[in-house]
Amino acid sequence: MPQNKVLSFPLPEGTLLEDITKNKWILGKQLGSGGFGLVYQVSCKSKEIDCVAKIELKESGGLFCEINFYNRVMKNKTSLDTWMKEQKIDYIGIPSFHGFGITIYKNVEYRFAIIQRLGRDLENILSEKEKFNITVIKKLAIKILDILKFIHSKEFSHGDIKAGNILFGKDDDKVYLVDYGLATKYSSNGKHKEYTINPKNRHNGTMAFTSIDAHKGVTVSRRGDLESLGFCMLKWYSGKLPWEKYEKEPENVQGMKEAFVNNISKKTIPFKNAGIIYNYIKVVTKLEYEEAPNYESLKQMFL
């Protein structure tokens with residue numbers, strides 16, 4: 001995986017970006033930062049569209065991976081429409097992708113991607129509420145499982161499921177999963193990657209929610225994304241995770257997660273009304289590395 005480097009300085013408001021299809025975009029105010037890049041409000045010179053620009057140093061790896069994901073997964077509108085019809089859903093919870101390119105500022109090359117602008121993320125909401133009730137978590141789980149089913153059908157895993165990467169649309173009924181900087185092909189043309197430990201990739205992702213496979217340096221497969229979602233739901237419901245205070249000790253976090261899933265019971269999740277989360281984590285952590293999950297069965301747990 002390409003290495004990320006921190007953006008040296010922000011690009012000024014008003015900077016003109018030209019993507020590979022010659023569409024021109026004008027940077028507005030900086031909206032935030034994530035990972036190793038910056039996020040800006042952006043406007044298109046030729047059409048009215050509400051987007052953001054994600055910008056990183058050209059040699060950074062995250063945005064390169066994200067652009068690759070969008071180009072492979074989100075470009076074929078016919079395929080997207082067919083999927084929605086087959087699944088009986090009215091949207092796919094992945095931001096629309098509008099362009100990408102390279103720009104130069106002060107003799108430094110930057111990579112950029114133009115992506116649909118969304119609303120608030122769950123992390124922001126949790127900073128005010130601390131916890132979600134089980135009704136909210138059920139609704140979120142169903143929507144995120146729909147998104148993961150689609151991503152996994154394209155032979156990609158997300159690799160970084162967390163509240164900060166889950167956003168509401170302008171319509172609060174719509175939920176989106178963002179940030180595909182760690183998205184990985186777990187399979188190619190139907191041939192699943194073998195379970196192989198790569199020490200260089202150990203502990204990738206966000207420590208509190210990283211799957212056990214990712215802790216070991218194994219490519220995240222479908223079960224890894226589902227496991228991370230389980231850890232997220234536990235955090236959203238209880239307000240804490242047993243390993244939270246050890247996040248700077250990845251080996252310790254890994255050991256605690258392994259002990260947790262190997263001995264999972266209602267005693268290890270001692271929160272009232274958390275039985276659904278308990279059952280979900282129990283099911284997904286028993287999946288084999290290459291096993292295709294039954295997404296509809298998982299969704300039924302939350303209905």
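Each residue, glycine too, has its Cβ placed from N, Cα and C.
According to Swiss-Prot:
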| type | residues | note |
| --- | --- | --- |
| ACT_SITE | D160 | active site, proton acceptor |
| BINDING | L31, G32, S33, G34, G35, F36, G37, L38, V39, K54 | ATP binding site |
| DOMAIN | 25-303 | domain 'Protein kinase' |
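Overlay of Swiss-Prot annotations on the structure.
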residue: L31; record: ATP binding site; DSSP (3 states): strand
residue: G37; record: ATP binding site; DSSP (3 states): strand
residue: D160; record: active site, proton acceptor; DSSP (3 states): coil
Looking at the domain 'Protein kinase' (25-303) alone, can you tell me the average pLDDT?
93
What's the CA-CA gap between V39 (ATP binding site) and D160 (active site, proton acceptor) in angstrom, rounded?
18
Measuring Cα to Cα, how many angstrom lie between the residue listed as 'active site, proton acceptor' and G37 (ATP binding site)?
16
Counting across all protein chains shown, how many other Cβ atoms sit within 10 Å of the Cβ of G37 (ATP binding site)?
25
